[in-house]
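A.B. asks: Sharing a structure here in structure tokens format.
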Amino acid sequence: MARFELQKLYIDGGYVDASNTETFDAINPANGEVLAQIQRAGKEDVERAVVAAEKGQKIWAAMTAVERSRILRRAVDILRERNDELAALETLDTGKAISETRYVDIVTGADVLEYYAGLVPAIEGEQIPLRDSSFVYTRREPLGVVAGIGAWNYPIQIALWKSAPALAAGNAMIFKPSEVTSLTTLKLAEIYTEAGVPNGVFNVLTGSGREVGTWITEHPRIEKVSFTGGTDTGKKVMASASSSSLKEVTMELGGKSPLIVFDDADLDRAADIAMMANFYSSGQVCTNGTRVFVPNALKAEFEAKILERVKRIRAGNPEDENINFGPLVSFEHMESVLGYIAKGKEQGARLLCGGDRLTGGVFDKGAFVAPTVFTDCTDEMTIVREEIFGPVMSILGYDTEEEVVRRANDTDFGLAAGIVTRDLNRAHRVIHLLEAGICWINAWGESAAQMPVGGYKQSGVGRENGISSLAQYTRIKSVQIELGDYASVF
């Protein structure tokens, strides 16, 4: 029997039954427990949500900027009041350690909403003089109804990253969470309504990307789609959104990011950064620095420091405050990660540690994979070229700066990159050469609300967070005023 009651769709300010009777299960990856049955939206439900969103958006956009800002700030307060409840639910649904969800996921999501709530009154047009008798003014107007499609690794945070700028700009949003982790997004919908967001301005449709996601991207009255997920799926979403009605898109896609350790680096700091860039959230972070480049002369020493730190990882029940490494998000994903590990072994990478499923005690019922480190990796190996999205680090040796920059950029992806060095000139010189949208120097992973994030190449289109993201949820209307006489050529 499921722990929670049947989860319905959230449309027009409240929970409603789906148009069909199909459901799917939310599974706790730490022990296989069925958390809830969730209704699967039908095509009719997408239309119902669009109609509700169109109605609510007109009310929302007609409010003053200060009114909208005040309501969103109230939602921030409720998020923070319910932080522990939401974190506990996120941990059950994703398997992420409670030490992450309680102190990072909900907190930083609320920070993003607070950031955009503060920017609402700053949405402005321009006045452009043409001559004494004429000028142009511009208006930044909301797009209307927009859609967000989330990934499974940061469910409520991604929902906030997408909905915060959308709602701040006066839009209504239809959000489809990942089928694997849907529960906290439904709670976010409750919070928006409680805060005073008009009915229909934030709707949640649960179900598969293949069906519900496609119906959303194809809908002619949805003006924009913001998607987070894998590159292959992102290409399909972008093609569907474009071919159906030339929708605007934001794509935050996959990565295979390089972390370059230079020969002057503090190796202890470099090892700490590499650990965070590979094993935080059990390796299920799109920006992970999974290709760790280390000078050949320092590789053995660096490997020893990594092994020392791997021993400090505390894997176990993610509801335990002392744990910092939980299961993967699902048993299906666990098998995918184990498949990549097997390929690493087959293709000649040297296994330093891990390489198997964790077993015994609490691990037997969960989707746990041991923190895994390969070394002596080469650029053509599958584990080096493809996104694994799990706790698998690949260490690669190099000899020169020119060589490592070339190899770091030799990828279809361009989401993130980082370097560790004491040389300030080298730091800026090299970071400017790396083909990636999110870069860190002597750090890894922090992504503040003010920081635009997004990828180069096949890692994405557009940006999330920062002031620029707010503009992407508006369109510009130009208006010319003529105060003088008008001369016709006819």
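Every residue, even glycine, has its Cβ placed from backbone N, Cα and C.
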A.B. asks: Of CYS286, CYS353, which one shares the NAD(+) site with GLY150, ALA151, TRP152, LYS176, PRO177, SER178, GLU179, GLY230, THR231, ASP232, THR233, GLY254, GLU387 in Swiss-Prot?
C.D. replies: CYS286
A.B. asks: Which one of ILE27, ILE216, ILE222 goes with ASP93, VAL180 at the K(+) 1 site, as Swiss-Prot has it?
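C.D. replies: Checking ILE27, ILE216, ILE222 against Swiss-Prot: the K(+) 1 site match is ILE27.
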A.B. asks: Enumerate same-chain residues with a sequence separation of six or more from GLU248 (site 'Seems to be a necessary countercharge to the potassium cations') and a Cβ-Cβ distance below 8 A; give 'none' if the list is empty.
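C.D. replies: Same-chain residues close to GLU248 (site 'Seems to be a necessary countercharge to the potassium cations') (Cβ under 8 Å, separated by 6 or more) are LEU143, GLU223, LYS224, VAL225, GLN472.
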A.B. asks: Rounded to the nearest angstrom, how far is the Cα of LYS162 (active site, charge relay system) from the Cα of CYS286 (NAD(+) binding site)?
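C.D. replies: So the Cα of LYS162 (active site, charge relay system) lies 16 Å away from that of CYS286 (NAD(+) binding site).
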A.B. asks: Taking GLU464 (active site, charge relay system) as the reference, which of TRP152, LYS162, GLU252 (the recorded positions) have a CA within 10 A of its CA?
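C.D. replies: Of TRP152, LYS162, GLU252, within range: LYS162, GLU252.
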A.B. asks: State the Cα to Cα distance, in Å, between LYS457 (K(+) 2 binding site) and GLY150 (NAD(+) binding site), rounded to an integer.
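C.D. replies: Between the Cα atoms of LYS457 (K(+) 2 binding site) and GLY150 (NAD(+) binding site), the distance comes to 21 Å.
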A.B. asks: What residue among the recorded positions LYS162, LYS457 has the most other CB atoms lying within 10 A of its CB?
C.D. replies: LYS162
A.B. asks: Want to know which binding-site residues, from TRP152, PRO177, THR231, GLY460, are within 10 Å of GLU252 (active site, proton acceptor) at Cα; which are they?
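C.D. replies: Cα within 10 Å of GLU252 (active site, proton acceptor): THR231, GLY460.
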